[in-house]
Amino acid sequence: FLTATAAYVVQLYLYKCACLKWEEVSIMDEKNIPIRTYQVCNVLEPNQNNWLRTDWIPRSGAQRVYVEVKFTLRDCNSLPGVTGTCKETFNLYYHESNEDRESYIKESSFIKVDTVAADESFTQVDVGDRIMKLNTEVRDVKVTTRKGFYLAFQDVGACIALVSVRVFYKTCPLTVRNLATFPDTITGADTSSLVEVRGSCVNQSEEREEPKMYCGADGEWLVPIGGCLCNPGYEERGGACKACRAGFYKAKSTDPGCAKCPPHSHSLRDGATICDCHAGFFRADTDPPSMACTQPPSAPQQLISVVNETSVVLEWTPPHRLGGRSDTSYNFPRPGSAGGSVSSSQFCAPCGSDVLFSPGQTGLTTTRVVVSELRAHTHYTFIVHARNGVSQASGAGAAQSVSVSVTTNQAAPSPVSSIQATDVTRHSLSLSWQQPDRPNGVILEYEVKFYEKDQRERSYRIMRTFSRSVDVTGLNPLTVYVFHVRARTAAGYGEFSTPFEFSTNSDPFPLIGEGVNSAFLLLSVSGVGILLLISAAVFIISRRRSKYSKTKQDSEEEKHLNPGVKIYVDPFTYEDPDQAIHEFAKEIDVSSIHIEKVIGMGEFGEVCSGRLRVQGKREIYVAIKSLKAGYSDKQRRDFLSEASIMGQFDHPNIIRLEGVVTRCKPLMIITEYMENGSLDAFLRKHDGQFTVIQLVGMLRGIASGMKYLSDMNYVHRDLAARNILVNSNLVCKVSDFGLSRVLEDDPEATGTYLSPGGKIPIRWTAPEAIAYRKFTTASDVWSYGIVMWEVVSYGERPYWDMNNQDVIKAIEEGYRLPAPMDCPVVLHQLMLDCWERDRAERPTFSQILNMLDKLIRNPGTLRRTGGERYLQCTKAKTEISSSKVWSLCEWLQSIGLERYRDTLAAAGYTSLDSLLALTHQIEVEIMNPR
Ligand code: AMP
């Protein structure tokens, strides 16, 4: 017997109470079905008190029960003679009890629920001849204290028939709301009470927010709060969580539903929380499941290196294939770390931690990095690794890397630090310091500059030492001195240290330590003054004597004072020749060299041409000199010494060393390729084909290269057209730097003249070098004059077929090569200047260069030539070779100036000797008469 919201049916037990006025009577209902009723109808007697009680009704957890009573009640008006005694109501009572079989309950134990009156709306029931109205009344009672209760009906004088009593309680039925299940819940005790109920998540779901609802007194669910979400791999369908189908996935419970697998991925089974990547595709840990599967990038491309002293700028272009991602980054893996070592060579060591990568070594998003703080003149291999989010997952390694090898340049040493003064006296102190942090090569010496603080740098002194300390003497007492120290390597001077100030004291002896070492006593300030005076005098005198001297001295001074001016280092000063070669030359991997053809024969073996491809650089043509098999240690050393020397030079008119191969045989020296070979042969091949300006251009190049060498304090000793190489642009470059061969192995020297130290190419060599091996830049200038002559005469052999002894003699006697045919007078004059007997009178290469530059700027000056002179000279040369003594006339004729014979005679110069005593200025006047 249920209502829409009620869920509990109680059996109705009606028992007659002790008073027997209630009767159980069978009657027919309106459908003529017999029903049992309890009736009482004592309307004529006053003071009725008739009770009818139910059996014990278990409460079953209910807190409020509803009692629905169906009954009929006679209208008192329809009964005659009952006025005053007839009632139209009855009372409903209850009694709570744990006892299910109480036989006797006192009236007073019952609590009244209500007085029930008949309703006005009646259903008519035909009971015999009477029309009765069936009433339905419902009352609710709070029952909370015992396990059950009894109900009782009290009649106080009505005519009543109880047709049915239904007792029930209300529940909120089991329900699913927001994916949470709420159980069947008994309503609260009071009509206004709400029972708070916590829901539990349905299968395959998880709590989003605690699911709650309230069960109202009427059995209705109210105010749902919170709820659940389907687990990953499941979506809500019809209030339940159902698995995603194959090909679909749901990664998070908060995702709205199952989604199709992203590109390059799939799911084969139902309930996928993520789709698996297709073979060869990957997903990074941080990639969302909705992202397509991707691939690692290919290697970076076109890695280019630009070396700037001890820094390298590395640039590359992004990988050809980015793998479908936009998070490509670049790393320079540290050795030993995943991705490989910094170098592929077994000889390479890892870069130190002091090497700086800017903007960084890992995680670069730019395609350019500047690597600094590298060691000078050191071979480095850099590996750039392209990575993206799936590189690690894919385990890809070498395929994503590109490497480049570079050799850093020489660099001046860094400043010295930690200068200290000890053993301080009134006139002296000992200065010591630390080696520069970055020597960048072998420290050849230290230079200490110091001055009185008051004097600033107006007057200072310089000391040089090989050790890291020096005793400074000759100081003034109680005077503050400022000291600067700098180091010099093959690359030149480094920066001076920051100033270090120290004061002498008034003590004659040092407080601690030994006394002053007088052997180190240097020039005092006054000494410097005297020296300056002498220098000034020498300077003025030499200026008067020679137009070339001043600049020469200036440049020498510059060399000592300018930091960073490179000084050539003799590789033979290294005990280990391999140290020298690796300090100055780059080791080349033999696999990057492709030899094409033999182009000449060198002293140590064939000379070939070929191509060199260094990674990250464009392929270039090179000349490859190799050391033939079966060489001795000395030959190996001599062969490599040329590279050690060449490697120190960097000038457009000096043949450029690309590198060496020393780690496998044959040993090779790789230089730039000079298409037109050696200058002498080239000129002979193209006799008369160039303009004067072109010839002067070649000479200018050679002079420029020689100036560079002389600035570096390098003396070539074998400067000759055969040792100049010419490229396709007619650029001339000085080559042949083998030290020993200069003296012993040049064919021009072999068997010709053996000086105490070796053989000398007589025709190109200055007299003082022949006589007592005084090889200097000035003797190179002499040779340069001969090269000028070779160039202008298109490869003619100097002094033609004269033998060496005759050449030496002729030079001794003042003979000089005449101007070649069509030789501009100024050029021949320059040659004669180079052939000054007194080497101090010869121009410097810097002056020669200036002169040639002027000529090139004013080609008109080149127009004047000696005309017929060449023929006369040719004739003269036979005379010279046979004659013992030259007259002034012959000499003038030989150099094309015989027209000045009378002028000279008039001036008192009648012999060659008297003329040779002339100063240069007079010669110039003669050459350029007003
Ligand atoms: P060397 O050993 O320097 O005397 O070289 C022998 C010959 O090889 C030279 O006379 C040149 O003809 C040729 N040769 C040497 N070096 C080069 C080069 N860098 N480029 C072209 N030819 C060269």
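Keep in mind that glycine also has a Cβ here, set from the backbone N, Cα and C atoms.
Any TrEMBL annotation is an automated prediction that lacks curation.
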Just to be sure I read the record right: Ile599, Gly600, Met601, Gly602, Glu603, Phe604, Gly605, Glu606, Val607 are listed as binding ATP in TrEMBL. Which of Lys586, Lys617, Lys625 is listed for the same site?
Lys625
Looking at the disulfide bonds in TrEMBL, identify which of Cys41, Cys261, Cys275, Cys277 pairs up with Cys159.
Cys41
For the recorded positions Cys41, Cys76, Cys159, Ile599, which residues place their CB under 6 A from an atom of ligand 1?
Ile599
Of 1-177, 296-411, 415-507, whichever stretch has the most CB pairs under 8 A to the domain 'Protein kinase' (593-856):
296-411
Give me the sequence-ordered set of same-chain residues, not including Ile599, Gly600, Met601, Gly602, Glu603, Phe604, Gly605, Glu606, Val607, Lys625, with a C-beta within 8 angstroms of the centroid of the ATP site's C-beta atoms.
Cys608, Ser626
Averaged over the domain 'Fibronectin type-III' (296-411), what pLDDT does the prediction give?
81
Which ones, of the recorded positions Cys76, Ile599, Met601, Val607, Asp718, have a Cα no more than 10 Å from the Cα of Cys159 (disulfide bond)?
Cys76
DSSP three-state call for Glu603 (ATP binding site): helix, strand or coil?
coil
Please list, for the domain 'Fibronectin type-III' (415-507), how many residues fall into helix, strand and coil according to DSSP.
3 helix, 45 strand, 45 coil
Given the ATP binding site residues Ile599, Gly600, Met601, Gly602, Glu603, Phe604, Gly605, Glu606, Val607, Lys625 in the record, what is the largest Cα to Cα distance, rounded to whole Å?
14
